[in-house]
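Participant: Quick paste from TrEMBL:
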{"type": "TRANSMEM", "residues": "39-72", "note": "transmembrane segment"}
{"type": "TRANSMEM", "residues": "78-98", "note": "transmembrane segment"}
{"type": "TRANSMEM", "residues": "105-127", "note": "transmembrane segment"}
{"type": "TRANSMEM", "residues": "133-155", "note": "transmembrane segment"}
{"type": "TRANSMEM", "residues": "167-193", "note": "transmembrane segment"}
{"type": "TRANSMEM", "residues": "205-224", "note": "transmembrane segment"}
{"type": "TRANSMEM", "residues": "231-250", "note": "transmembrane segment"}
{"type": "TRANSMEM", "residues": "262-283", "note": "transmembrane segment"}
């Protein structure tokens with residue numbers, strides 16, 4: 001894919017639904033049929049990401065990033081554009097969970113302190129790490145989250161009992177989430193939700209609502225940093241984000257009807273599908289393995 005489309009900036013410009021000139025100069029617009037296909041893919045991806053975000057408290061990057069790579073984005077541009085889409089998505093998700101009292105505002109505020117710093121550090125690294133490394137880092141990230149969902153079954157009634165040590169650890173967790181957001185284009189919720197339940201004692205619903213609130217500031221700061229580096233397609237991010245925001249309340253409503261165990265197993269099953277797809281893609285661009293694999 002990289003060999004066909006060249007560097008990331010050209011790829012992003014080619015897929016820009018607004019067909020605007022960027023810092024790389026004017027580019028040829030995609031064909032009408034291809035543009036319509038890409039827009040349809042983005043809307044569908046946004047709806048799915050929003051439903052999953054509301055259901056599991058994740059940012060939706062695990063579906064947005066692979067979809068953008070599939071239509072031609074490089075991994076780093078897909079990650080940066082996905083992060084922009086998380087902004088409207090998280091606003092909608094927080095509103096849905098907060099309406100039912102399932103947000104720990106203090107825990108989220110402490111995490112935000114870390115996520116802002118972490119997103120800036122992650123954005124700086126994003127423009128310096130190789131495409132291959134980013135793809136395998138994403139695979140490792142998905143594998144970790146999938147396993148954690150099988151092992152961890154949170155309580156539906158638990159709350160976070162705040163202490164000084166827990167507060168400090170929440171800031172550290174925020175730094176990690178902020179870096180993951182910028183590097184992988186995910187909101188970090190797939191790390192935050194298990195961590196808030198396992199390490200801090202939150203119920204599954206409170207963990208999801210708090211996670212969505214905490215990822216909002218890091219998504220903004222990370223997107224600004226990525227935009228300055230020319231990594232974000234705001235038109236695509238806005239289109240996906242608006243579609244996602246419309247579907248997020250549906251996912252959160254379904255989450256409240258599922259048991260904690262069922263929710264964890266459903267997320268693990270979904271991540272397994274994404275993991276297999278992303279592993280195959282990463283293998284194809286690995287120099288020592290890719291040439292031996294069959295081509296589509």
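Even glycines carry a Cβ here, placed using N, Cα and C.
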Participant: Who are the long-range neighbours of the transmembrane segment (39-72) in its own chain, taking Cβ under 8 Å and residues 6 or more past its ends?
Facilitator: 1, 5, 11, 14-15, 17, 78-79, 81-83, 85-86, 89-90, 92-93, 96-97, 138, 142, 181, 184-190, 192-193, 207-209, 211-212, 215, 219, 236, 239-255, 258, 263, 266-267, 270-271, 274, 277-278, 281
Participant: For the transmembrane segment (231-250), which recorded stretch in the set 78-98, 105-127, 133-155, 262-283 gives the largest number of Cβ pairs separated by under 8 Å?
Facilitator: 78-98
Participant: Looking at the transmembrane segment (78-98) and the transmembrane segment (167-193), are there 3+ C-beta pairs under 8 A, with each pair at least 6 apart in sequence?
Facilitator: yes
Participant: Which of 105-127, 205-224, 262-283 has the most Cβ pairs closer than 8 Å to the transmembrane segment (133-155)?
Facilitator: 262-283
Participant: Please figure out which one of 105-127, 205-224, 262-283 racks up the most CB pairs under 8 Å against the transmembrane segment (167-193).
Facilitator: 105-127
Participant: Near the transmembrane segment (262-283), which residues from the same chain, at least 6 beyond its ends, have a CB less than 8 A from one of its CBs?
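Facilitator: Sequence-remote neighbours of the transmembrane segment (262-283) are 52, 55-56, 58, 62-63, 66, 69, 132, 135-136, 138-139, 142-143, 145-147, 149-150, 152-154, 190, 204, 255, 289-290, 293.
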